[in-house]
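J.: According to Swiss-Prot:
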type	residues	note
BINDING	G13, G14, G15, H16, A17, G18, V125, S180, Q370	FAD binding site
BINDING	273-287	NAD(+) binding site
Amino acid sequence: MFYQDPFDVIIIGGGHAGTEAAMAAARMGQQTLLLTHNIDTLGQMSCNPTIGGIGKGHLVKEVDALGGLMAKAIDQAGIQFKILNASKGPAVRATRAQADRVLYRQAVRIALENQPNLMIFQQAVEDLIVENDRVVGAVTQMGLKFRAKAVVLTVGTFLDGKIHIGLDNYSGGRAGDPPSIPLSRRLRELPLRVSRLKTGTPPRIDARTIDFSVLAQQHGDNPMPVFSFMGNAFQHPQQVPCYITHTNEKTHDVIRNNLDRSPMYAGVIEGIGPRYCPSIEDKVMRFADRNQHQIFLEPEGLTSNEIYPNGISTSLPFDVQMQIVRSMQGMENAKIVRPGYAIEYDFFDPRDLKPTLESKFIHGLFFAGQINGTTGYEEAAAQGLLAGLNAARLSADKEGWAPARSQAYLGVLVDDLCTLGTKEPYRMFTSRAEYRLMLREDNADLRLTEMGRELGLVDDERWARFNEKLENIERERQRLKSTWVTPSAESADEVNAHLTTPLSREASGEDLLRRPEMTYAQLTSLAAFAPALEDEQAAEQVEIQVKYEGYIARQQDEIEKQLRNENTLLPATLDYRQVSGLSNEVIAKLNDHKPASIGQASRISGVTPAAISILLVWLKKQGMLRRSA
């Protein structure tokens, strides 16, 4: 039976990728359907109760700059906010927030249920309707069929999910939820490369059984950071501390003595786990010289007694988990309320996707989130937004859009996935970006909000706030450029008190701000350069733009040089055996990856600069040298 109304876009799955995809498509005016197996778990934090971190916070800010949901939700649900790398340069500073799971899920659901053009329907999806290599709809568990011009798969760890606790295992999408086995089998019938990955989660502890009096506290920052460019600290709920404990030799002995009961070490788990979030058994074995590992005890919410022990993800049996937990200081009498576990699941090779996250083989079918081999809420949300907006554009007969590596961490993420693929869960770091100084958290809106407006993602309120900020930055920079102080002026003594070397010539406000010892706050506290901007975001931009102007200009030059070849297009049907001069290895890799551009080709392992030169010459001779806009 077909549902009476067709849709423009169908989203399958209501996690962090699915909710952003649904919101993006609906914001762009397309009739959107979000199918989920359980409406009550929309926006569920399946693992750690945190948003942000190094690289990840950058993605959240970019999603927000494009009108997305995640930053707004965490501002309403964050119970501890910190700036990581606060003492380092602005390129690597990152916002991180501890979340109240219930408040976060509530904020997401309220946003979804109040979004025009979006319908939510509770039913698991078991099949796709594919006609002539084009997806045209989805079939639910009860046989109800929905038609649409585009479908976005955001199914997380649910595809043929298998949960492991010790040597026991059972089918599951995550603890308490069924897997999606029929859909997994259906997708395996399509011409797509599929493999298995693994992730894990720690046991949850009853806070009433922990002796916090012997543990060090870790508080959030004051003043409190804010995630959304539209947010403010008054939105944050009550703030609470986290606590720190450590593993010890007793902990490590328990783990080493029970490795034969670990599904990972016993060879029961085939999927590869996340390199940068290893299980505690992995850490103990890989870092055998370490006699302790730091564990953060993170509250899961203001109305919950559950504690998330960040750092002891494990799939060891329950009795061993109890021994591990009780071996640590403050946890001698602790009780576990949910056991830790590992989960294996299907993922599909992202090299089979276009940069828009549309399948190269099934027209109108998009993939986003863990199904593409990534790990983390933030990576999923960013992909969801991109897939959702491109599904909306496809349904409106418009060309797809994807940011370049030089524009956004989202561009880095998608390019890495679509060009290189991944054999392990992919996590974003600032080190993955070549142009970190340009891709900062603080300027995500300056980089992306104008494009978001053109795409139809940014509403009038955000657009007005953005333009006001731009005007404030420009006006303040002009004021500082045109305000001068001379060594003989009355105000010189006050200025010199803040300088390591006194004034020897006339200096503008911008000249003084370029000095490493002078901050914007100090400068505008001086009578000659007061008052400071009330707009804190604009004030931050003024300081960063002035202090790093030379470095930013140099990096912009690098980007422009790189873009000359980056955007040279490669035909999707090109057989690289036609290109004389390429080695057999290069031919095989290019035919396997099918890069969309010279830039993508240059990042494939084994494709040398010499091979790129040969390819450019051949394209020119064939009259095929074309660049994307």
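Any Cβ shown, glycine's included, is placed from N, Cα and C.
Describe the structural surroundings of these features, if you would.
T.: Other Cβ atoms within 10 Å of the Cβ of V125 (FAD binding site), summed over all protein chains shown, number 24.
Counting every protein chain shown, 12 other Cβ atoms lie within 10 Å of the Cβ of R275 (NAD(+) binding site).
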J.: Does G15 (FAD binding site) have same-chain partners at least 6 apart in sequence with Cβ under 8 Å from its own Cβ, and which are they?
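T.: Non-local contacts for G15 (FAD binding site): G43, Q44, S46, T154, G156, G369, A380.
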J.: Please report the DSSP secondary structure of K283 (NAD(+) binding site), reduced to three states.
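T.: The three-state answer is helix.
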J.: I'm trying to understand the geometry here, so how far is the Cα atom of G273 (NAD(+) binding site) from the Cα atom of Q370 (FAD binding site), in Å to the nearest whole number?
T.: 12
J.: Counting only residues 6+ apart in the same chain, whose Cβ is under 8 Å from the Cβ of S279 (NAD(+) binding site)?
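T.: The list for S279 (NAD(+) binding site) reads G200, M264, G273, S313, T314, S315, A342, given in order along the sequence.
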J.: Using a 10 Å radius around each Cβ and all protein chains in view, which of these binding-site residues has the most neighbours: G13, G273?
T.: G13
J.: May I ask you to report the DSSP-based helix, strand or coil state of C277 (NAD(+) binding site)?
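T.: Looking at the DSSP assignment, C277 (NAD(+) binding site) belongs to neither helix nor strand, so coil.
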